[in-house]
Amino acid sequence: MFNWLLLLIAYIPFQIALNPWPGVDLASGRVFILLLFGVWLITAFFRKQLNVSLNFQAVILLIFLFMSGFSILMSGNYLWGLRKFLFFLSIFPLYFLAAYLADSYEKIKKIIWTLVISAGTAALIGLVQFSAQFVFGLERIYGFWAFNIVPVFSGFNLGALILAYPSWLVNVSGKTIMRAISIFSDPHVFSLCIGLILPLAVVLLYGFLKKNQGKFLIFNFQFLIIFISYFILYISSLLSFSRGAYLALTAAFLVLAWLFWKHLNSKKITLLLLFSLLILIIPKTPISARFYSAFNLAEGSNAGRLEMWQEASYLGLENPWWGLGLGNYSLAIDPSLGYRNPMTAHNLYLDLFSEMGIFALLVWLVLILGTIWGLFNIARSAANIDASHRGTAVGLIGSLVYFSVHSFFETAIYSPIIFAVLMVILGLCSKILSRSESI
């Protein structure tokens, strides 16, 4: 069963979109999650191995799920809320699969390896796609991606929406170029997926260096795979030209550098992280120009985002307890919009507040901040926890910090890819936090 879970996790970035009937795009990964979860439940039940104990993450996730369902009662459009709720229901089980099937530290490492290699492969495709425009021309690559890649991996309906509201292009030093998006719908989802998994590549690098202290590693195959994966993930994230990703990387890398330096005594990893940040902030480069533009509040997209935040805040304050109803934010902005529309607050916290109310927002914050605090306590406990275990805790902190900061600029939990990766990461967090004898 665990091998099937690894295969499912590897498939997350590459899931093909199904079009079961007109107007509906269905990420195939959602179907496979439910199938594997059902098989696991039935198998565990008949083998009398269904020993489900609800830990902190499981309880908070179930409360959040209940509150999202309850908020549908406040909806102006019940069908939209129900579709979003079914989306949650189809991906939430991945948390339980990761939390209960990863019953040893070796299995946790295998999941991390799977995430890194899978995301690294997707990032490599993004690098090829980005580079190809300089060989074949922007228009040819844009057209090829729009008509041959997007319909396969995003679906015909979402693909049409993406083309109607494109975010693939960016102006760099007066020249328009196509951002790195790989096989994802847009550069923001791409960078979020890469950024969530990038700290886990650091975990693998730390573990390998710890295990091979004093050895010459430059020609070691496993070391090269880990380091090249880290490099590809980082560079592809930069080439997404997502300012939210840049700010999230900065926050996550600073937190990781501090934790690796102070609590794990790993100067090499700390220097690698700080050097990586230098590439981002060195002035007079297209990437740093994009990074620094995030602080220019008068810039067009920044001003537009502030306006959306203000609008979402007003809607939340008008409906503070239970919100507008799950999936109904865009309906309040423009009642003429259909279900498939790009209208969000571009801020996860404001979207939760405006759609589901203050209690749901607080529950989400308790989930993320409570998990980070628990992992931090493990990271600084040198007495009775081995370094690999603590290193994994630090990497998971990095992933959650990245997600939390990037979520100030995007609402990614409605992406089947991002939400699935997040459920796997939270499942790993629950295993690390349990500190059971099996780990």
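The backbone N, Cα and C atoms fix where each Cβ goes, glycine too.
Nobody curates TrEMBL annotations by hand; they come from automatic prediction.
Feature annotation from TrEMBL assigns transmembrane segment to 27-46, 58-79, 85-102, 144-168, 188-209, 216-235, 241-261, 268-287, 358-379, 391-409, 415-433. Feature annotation from TrEMBL assigns domain 'O-antigen ligase-related' to 231-365.
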Inset, instruction - Six or more residues out from either end of the transmembrane segment (391-409), which same-chain residues have a Cβ under 8 Å from its Cβ atoms? - result: 108-109, 112, 188, 191-192, 195-200, 202-203, 206-207, 210, 243-245, 247-249, 251-253, 255-256, 259-260, 263-264, 266, 305, 346-349, 368, 371-372, 375-376, 378-379, 422, 425, 428-429, 432
Inset, instruction - Answer yes if the transmembrane segment (85-102) and the transmembrane segment (415-433) have at least three CB pairs under 8 Å among residue pairs 6 or more apart in sequence, and no otherwise. - result: yes
Legend entry - Integer mean pLDDT for the domain 'O-antigen ligase-related' (231-365): 91
Inset, instruction - Test the contact criterion for the transmembrane segment (415-433) and the transmembrane segment (216-235): 3 or more CB pairs under 8 Å, pairs 6 or more apart in sequence, then answer yes or no. - result: no
Legend entry - Highest-contact recorded stretch vs the transmembrane segment (216-235), from 27-46, 188-209, 241-261, 268-287, 358-379, CB pairs under 8 Å: 188-209
Legend entry - Secondary structure content, the domain 'O-antigen ligase-related' (231-365) (per DSSP, counts of residues): 92 helix, 0 strand, 43 coil
